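What TrEMBL records for 1-31 is signal peptide. The domain 'Inhibitor I9' annotation in TrEMBL covers 38-112. Look at TrEMBL and you will find 140-595 tagged as domain 'Peptidase S8/S53'. Look at TrEMBL and you will find 149, 222, 549 tagged as active site, charge relay system. Feature annotation from TrEMBL assigns domain 'Subtilisin-like protease fibronectin type-III' to 661-757.
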């Protein structure tokens, strides 16, 4: 915390007129006690008096001028210089009102709170040591990935500095020194680690002293998991209690990691926007190349969205920003939808974790299980409460211990009872194991507190028939800790993955891309019990986890690899390469499916498709953009001058161009009363110097599209060509249709973009 400067000293440095303009309106002592609240204050840097050498000293003077003689609070929390020009402070309503009267004030953002969106996956992405993107990118060597999360466990083998290249010269950061985190914990892999908790504490939210540290050290495990997914080392023999046994490895295993801990285990499990903003500000100052955030705040207009504002600042400095789409799993639920952010949804892998069961009648069944012990159950009696609905459904306190102790219990499917609650009831009653019937399971690995088998309802019907007809029904054998590859269909859009369109700006298709986000194996903290089996609390160095939180670092890792190969590519070019090379066909030859329904998904679910790391290295064409493109986009939203200043962090910009849609790698057409919509695009050749691309359209009934021109000829690398896509729809067309535009050349490039049409 910067030491307070006395206002009487400050006053001698100001011309009187400047004081009247900037300071006198906010120099009022507060006579009556008022309740404080935390705010982020966005200031106009052009109004900073020249007598202040730094933005921080200016911010401190503003806060100091508000203090009464009896007020000894530390009001200033953070001073921001990169994500925006401003500060966060704990203020009373009167103090806030005084600041807002200053002509230097741009905007006020009340403190808000966000949430987390909570291996074999490199192989699933097609990454191989001998060929393709990995060796071409030297496995991400020299690229710095900044991660804003719950901290990191530096002693994990995933973060060993052995064999890493020297720390890049662009790095300006450091590792903090605290009671639970020493700078010596950092190395050539983990090159930076800092924590930010002032906002959380100013809101009166206590960090759990039992379950977390007020330092960069991770206890929860989320930040350790995402960090090792993005850039963890190759670690042999990793597994989740025997499941997914093999080599754990990050997507960019030779990239460097910088952790910015802004999320803590607290009484409310909240994260403060002031802290996240401080972490992002520090990451930009430190020199990260990729910035990954597996978290989200409630969506709001861009000029009120501090994460969107901070991300645009990062993009302006050439930093690729990738964020999780969210885990709400329904339409219009996408988080982090600003068009300069790469927004990531979650997909399944073609890997399943199972247990097998053989009944005494010879029936063999396989189901889902994560039970963390390699046990084999033999000749156990099978119990089913056939004559009692509560017992059949394993409702709370329904099972009789005398009836079920030492047996395998079959629990009927119920929409009113969670399977995890059924498991707890089976455990309470002293049963040996449980069989649970559900078609779509949202269970997590740590829910499996007893030997459990999850069967689909069709298989469950066979078990129910057997136990109902045979009073001496038995389970001949049950075996756990099995891992199967080649599961079909895969990938699928995870049932929890948030869907588009973006509620703030539905005219830009979101999410952008899918990446593995279900049952991802990565490092965790070895001190936090992962699961409790009976009286035993089990810990592990590596664990499975699911969420768009897990998908996001996959894209961060791929972006790091692409940046290592194509150092000249902008953040927009990297995102374009990832999107236009994605695939939309699963391993059964069909369009990607929605896990929650089993039906074909749409681009509102999967964006451009599932990420294909190797193809992204050579996309052929990219839809590139710079900050001016985003400025013109914002100009078209009708924001006033103050709102534009808030987003752009500057007092001057050019809105003279006719507002156009963004040069985005996807097309989102929302029809109100119109029948025709046109989109202008510019593509840049990053492939072979001489190439001719032909437009190929895959369209459903009711959608008519023309491309002008339909052929694009390039004679040199980085040459640009324009085209216009026109969409015409008829009155009888369905409310939602989609297709694809593919630009195909003679060098085996296919540049694919989804086209979505919504009729209101």
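Glycine too: its Cβ is placed from the backbone N, Cα and C atoms.
TrEMBL does not curate its annotations; it predicts them automatically.
The Cβ of residue 222 (active site, charge relay system) has 25 neighbouring Cβ atoms from other residues within 10 Å, across all protein chains displayed. Helix first, then strand, then coil: DSSP counts for the domain 'Subtilisin-like protease fibronectin type-III' (661-757) stand at 0 helix, 60 strand, 37 coil. Secondary structure from DSSP puts residue 149 (active site, charge relay system) in a beta strand.
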